[in-house]
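J.: Below are the features I grabbed from TrEMBL:
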BINDING   ASP6, ASP8, ASP203  Mg(2+) binding site
ACT_SITE  ASP6  active site, nucleophile
ACT_SITE  ASP8  active site, proton donor
BINDING   LYS181  substrate binding site
Amino acid sequence: MQWLIDLDGVVWKMDTPIEGSVDAIARLRSLGHELHFVTNNSSLSRDQYLEKLARLGIKAIREEIITSAMAAATLVRSGDRVLAIGERGLLEELEAVGAELVVPNSLEDAEGVDCVVLGWYRQFSYSDMSNACVAIRSGARFIATNADPTYPLERLVVPGTGALVASVATATGAQPIVAGKPEDPMVKLLKPLLTADTIMVGDRLSTDGRFAARLGVDFGLVSSGIREEHDPGIPVSLHAASLAAVVEMRIG
C-alpha cells in the first residue's frame, strides 16, 4: 500500500512531532508500505526535510520528499531570469532547473525578469512585494508555490504563502499559476508515482482533499493541524484525530 503524507499539521507542528506520528510511520515502514511526504511548504530543501525527519526519528530518502517548490520549478525554463521570493527550498529547486536568480538592487532591475516565483518567506517585506509588482506589471509570469492562507504553529496559526500571494495579486490585478496541492503541476509530479492502493493523509480539505480527489486516491482527513469547514463536494474516506488514528483505522 502507498501513503502520501502531508507534513505540517500531520507529522509535526514546527519542530514538535504530533503525538503518535513517528510511531505510525515506523509501523508503516515495518510492514513494507510505500511512503511519500508531500508538502506545500517550500521553505526547506529536500535535504533539510530529510534532516528534520531524521531528528524526529523518521527514516526517509530524498526521493520520498515532494514539495511545492519542486512543482513550481517545473514551470520555469532553463535560462529564465527569475525573481524568487522564498527560502532555501525554493531557491535550490529553481537553481536545479537552470534558472538565473535575480536579486534586484532597484525597482528598475525588476523590470527585466521573466517570472516571479513566490513561496513561503518569513522575511517577506514591502520591498519584496514592490519588486514582484513591478516585474509582473512589466510582463513577468506570476507563479506561486501554493495558496494556503495559513500555517500552523504549535498552538497558533499564522499567515501562509497564500496571504503573501494575495498581497501581490491585489497590487497587480494578476492571478498566479499555483504549483502546489491541489493544482496541476503537483498532480503531474505525483501521478507517475502512484500505485493501485493509495491514500493521501492531510489536514486541509481545500488542498489535501482536493488533491486526493484529482489523483483519484482515498483521502484521510486529520484534525491535528488546520481545521476547515466541511465541504460535501470533497470525498473523505477516513476522518480521524491524527495520522496514527488513520493508520490504525486503515490497517488495524
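Here, residue 1 is simply the first one shown, and the rest follow in order.
Glycine too: its Cβ is placed from the backbone N, Cα and C atoms.
A TrEMBL annotation is a machine prediction, not a hand-curated record.
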J.: Rounded to the nearest angstrom, how far is the Cα of the residue listed as 'substrate binding site' from the Cα of ASP8 (Mg(2+) binding site)?
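T.: Cα to Cα, ASP8 (Mg(2+) binding site) and the residue listed as 'substrate binding site' are separated by 13 Å.
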J.: Going by DSSP, give the three-state secondary structure for ASP8 (Mg(2+) binding site).
T.: strand
J.: What's the CA-CA gap between LYS181 (substrate binding site) and ASP6 (Mg(2+) binding site) in angstrom, rounded?
T.: 10
J.: How many other Cβ atoms are found within 10 Å of the Cβ atom of ASP8 (Mg(2+) binding site), counting all protein chains shown?
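T.: 22, counting other Cβ atoms within 10 Å of ASP8 (Mg(2+) binding site).
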J.: With a radius of 8 angstroms around the mean position of the C-beta atoms of ASP6, ASP8, ASP203, what other residues of the same chain does the Mg(2+) site pick up?
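T.: Those within range, site residues removed, are LEU7, GLY9, VAL10, VAL11, THR39, PRO152, GLY202, ARG204, ASP208, VAL222, GLY225, ILE226.
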